[in-house]
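What TrEMBL says about this protein:
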- B:16-34: transmembrane segment (TRANSMEM)
- B:46-67: transmembrane segment (TRANSMEM)
- B:97-120: transmembrane segment (TRANSMEM)
- B:127-145: transmembrane segment (TRANSMEM)
- B:165-186: transmembrane segment (TRANSMEM)
- B:217-237: transmembrane segment (TRANSMEM)
- B:249-266: transmembrane segment (TRANSMEM)
- B:273-291: transmembrane segment (TRANSMEM)
- B:297-315: transmembrane segment (TRANSMEM)
């Protein structure tokens with residue numbers, strides 16, 4: 001496949017970073033296979049590709065976290081003050097904001113700035129740090145309510161992500177020249193994400209550069225001046241954003257987007273949905289075979305409502321063979337994956353009590369269950385005895401889906417299960433959920449993305465920990481959800 | 001990380017318990033080389049006997065440590081003492097009370113295990129501190145009950161605990177049986193799966209429907225029961241209970257678990273290694289004794305060996 | 001969870017215990033009474049601070065007790081007879097602590113076991129130095145430890161100074177912040193180009209330093225040493241850190257709380273002797289007090305804590 005140089009738009013300045021023919025091998029796997037890419041001042045590069053395409057590896061080469069096995073990295077502002085790896089990249093103004101949060105929850109907001117900013121020492125360092133982080137927060141997220149003295153662990157997920165982004169853009173010993181944003185909006189609600197996108201545009205207009213990684217195509221098109229598409233460790237297309245369409249981009253990434261969100265018909269759901277099977281104190285209710293969505297701005301009590309419901313209906317020794325509810329985690333590392341175990345053991349965990357006799361696990365039945373679900377849900381591995389961590393994020397997520405669906409639980413609770421999952425896997429998951437609902441399973445589905453919520457039969461919109469609206473059928477539209485999320489709320493931030 | 005180089009070097013003895021057994025063998029041979037091979041049988045028999053105590057408490061500690069960071073049972077010595085003193089006083093040398101005495105010892109274990117768990121669960125005290133504070137109470141209870149009396153165990157019980165079948169000490173047979181049972185529980189049973197899941201990621205375990213609180217309660221009770229059973233055996237073996245009889249098992253129970261190759265980070269346990277570690281702890285001390293080292297050198301060498309074994313065995317690093 | 005509540009528990013438990021002691025023994029409410037009550041608290045407070053340095057970087061030190069005993073033996077022998085050599089030994093032991101910290105991080109060893117091994121090593125060295133109790137405290141330490149400042153006894157002054165200085169060092173300074181960051185998110189620290197190995201070695205060196213101070217002070221109070229003089233400090237120091245609102249993981253520690261926790265534990269012993277409790281129950285009552293205080297902690301930690309998922313905070 002042809003390797004694109006990425007210098008699509010000619011810029012007069014020296015490029016901030018230039019990869020040429022960079023290869024990274026992890027054992028036999030080629031995570032990066034001859035990537036050449038330059039980023040010049042003023043550019044905002046959308047880096048696209050589905051899970052495992054090599055985006056993270058490319059980013060880690062740029063920020064000095066990885067040294068390429070072949071090829072090299074050059075920085076535009078190298079001032080001779082050598083250093084290696086991450087320190088060298090930082091000295092050249094390269095900053096990264098990662099998908100998984102990299103703050104220290106035990107420190108305050110300003111103290112967290114001490115970690116990347118090496119010049120914060122001596123008397124008065126706290127004042128300097130507070131000024132830097134407050135300045136960046138005020139500039140990017142006007143109206144935020146974060147004090148520099150607040151302990152990060154006490155902030156909401158969205159606020160933490162805001163701090164992380166602000167730390168990336170904050171002025172420091174070297175000014176930020178190229179900021180890498182890896183899924184920066186995954187925990188932000190729409191209005192705050194908008195503030196960020198506007199800041200990115202301002203930043204680039206002033207001569208900064210941004211590498212923007214997001215699975216939200218709309219966002220990418222809004223900010224990117226150029227889009228580089230990665231697949232199998234290579235850049236397979238690099239063009240100005242204006243030359244792409246959303247459909248064209250998805251096609252380029254190698255997945256056929258199925259435009260059938262509205263495929264379900266009223267008749268179909270009427271046949272499927274039965275009597276009420278659950279009701280929670282918040283007023284959440286669901287019927288047999290129904291897919292119930294939880295929507296609203298991120299962090300308004302949806303995840304907590306789900307967790308409370310799940311906790312109240314599970315964990316009793318007497319009911320492990322016949323669980324009432326099963327859980328699909330979105331935050332895989334925190335809520336789902338057993339890192340020391342094989343794929344098989346991870347997959348069978350919830351259903352395992354039904355495969356035991358006198359307390360002993362029936363290994364044959366367990367193997368059979370695993371093989372069955374590997375086929376049904378399409379887990380890409382040659383051996384289920386491989387470690388779960390050998391799978392890509394999307395495939396790990398499939399294992400977690402299988403874990404819940406393999407159980408006999410009539411209710412499945414899903415806590416934003418598509419976080420960081422590629423488009424293809426998403427479509428497969430949608431189909432799976434609909435099929436299971438047709439068999440009479442009830443789904444409680446919290447999602448931060450509107451197109452997912454639109455897959456549901458009924459939607460509860462949350463605001464400030466309470467249900468602010470219940471939508472169903474044709475009433476489930478982005479406008480209605482937004483209206484219920486924001487109603488009577490002066491400040492969106 | 002830079003551990004990858006080391007792991008290639010260490011790839012040959014893959015099993016995490018290899019080092020414990022290898023070092024035990026070296027210590028054994030080193031001791032025998034001094035006597036030119038005489039007394040090998042006696043040394044082996046003594047090692048197997050004394051290692052049984054460490055192995056049984058070590059297995060209990062292993063279950064607890066497998067629950068993950070912060071989970072450790074520091075009340076093992078006090079539970080041993082309490083069970084030993086109570087059951088011996090109850091039997092008062094009467095042969096027909098041997099089994100009821102055993103039942104009493106087990107009951108002590110169940111009670112202390114439940115008490116430990118309740119402190120952890122209801123008062124949310126970190127297990128290290130909870131079991132430590134509780135052990136003070138057990139210790140006082142044992143002092144108060146016993147009043148320094150030294151009561152002999154029933155003769156039949158004493159004979160049994162010092163006897164052997166076909167050259168194998170009875171205690172070793174019991175210890176190996178318990179180890180086999182523990183292995184089955186950990187590797188083949190649903191409870192073992194749950195313990196491992198708990199240790200890897202408690203929150204994820206709870207969210208996948210595991211009754212985590214039951215798992216934790218059973219684990220702490222199991223550890224306490226194994227400790228009290230050991231206390232019963234040890235008191236019978238040594239001709240009476242003493243108030244400090246459990247003291248050395250605090251550090252030994254932890255050392256045995258880690259020397260045996262269990263991950264202190266949780267989720268990963270290793271039954272054969274417990275026996276390897278238990279044998280090693282005894283053989284090292286007897287080796288140093290026979291070479292005529294004083295107490296100071298013996299302690300230093302013990303410490304150095306613990307560190308060396310752990311450094312060699314866990315060179316592959318954590319799987320984080 | 002919340003910083004504000006974290007410090008309340010140690011303050012409250014110390015106040016309650018102190019009030020109980022004064023109620024039982026009003027004469028304790030005097031310069032000499034306080035001195036007597038808190039005399040042995042200074043080395044305990046220092047050992048607790050040492051333990052806190054290790055807990056701060058998500059490890060635990062099971063060798064504090066034997067290390068302080070070892071230092072006490074060095075102080076009562078070498079530091080008294082050959083001061084230069086004594087100082088060199090103590091410096092070397094601090095370096096040894098740093099080396100252990102580095103080793104633990106580089107090889108990813110479980111600290112609980114390595115320090116367990118080290119506890120044998122320090123204990124063995126102490127036995128070699130002083131096979132039987134003896135030695136003598138250098139005169140200058142005696143003088144320092146028995147100084148009688150006006151109004152408030154030395155022990156109280158010393159504890160305030162220790163708490164203040166360690167607070168500045170750990171909670172306010174930029175280096176302390178970096179050390180706490182290692183406990184909070186070592187990966188992020190490494191990603192910013194810091195050497196976590198060096199930082200961990202630094203935290204361990206600090207622990208060694210405060211352990212040395214604890215041992216020297218202890219000998220200043222007891223005037224002689226033996227190899228088992230401070231064995232119980234290991235468990236006391238862990239309990240003190242937790243009592244002071246620290247947590248075993250996540251770099252959440254409080255130096256002021258740790259000193260208060262140590263004072264509470266020291267006071268608990270005096271309290272029990274005033275109670276004229278049967279010796280059988282002395283140990284048990286210490287356990288009960290510990291449980292009681294930690295039970296109160298529950299009330300504080302529940303308040304202001306939001307529901308944040310499974311309850312293994």
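Placement of Cβ uses the backbone N, Cα and C atoms for every residue, glycine included.
Just so you know, TrEMBL annotations never went through curation; they're auto-generated.
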Considering only Cβ pairs under 8 Å, which range in B:16-34, B:97-120, B:127-145, B:217-237 makes the most contacts with the transmembrane segment (B:249-266)?
B:16-34
Listed stretch, out of B:46-67, B:127-145, B:165-186, B:273-291, B:297-315, that has the most CB pairs under 8 angstroms to the transmembrane segment (B:16-34):
B:273-291
Range from B:46-67, B:127-145, B:217-237, B:273-291 with the greatest count of C-beta pairs under 8 A to the transmembrane segment (B:297-315):
B:273-291
Tally Cβ pairs under 8 Å between the transmembrane segment (B:165-186) and each listed stretch (B:97-120, B:127-145, B:217-237), then give the stretch with the top tally.
B:217-237
For the transmembrane segment (B:97-120), could you work out the same-chain residues 6 or more beyond its ends whose Cβ comes under 8 Å from its Cβ atoms?
73, 75, 78-79, 82-84, 86-88, 90-91, 126-127, 130-131, 133-134, 138, 154, 156-157, 216-217, 220-229, 231-232
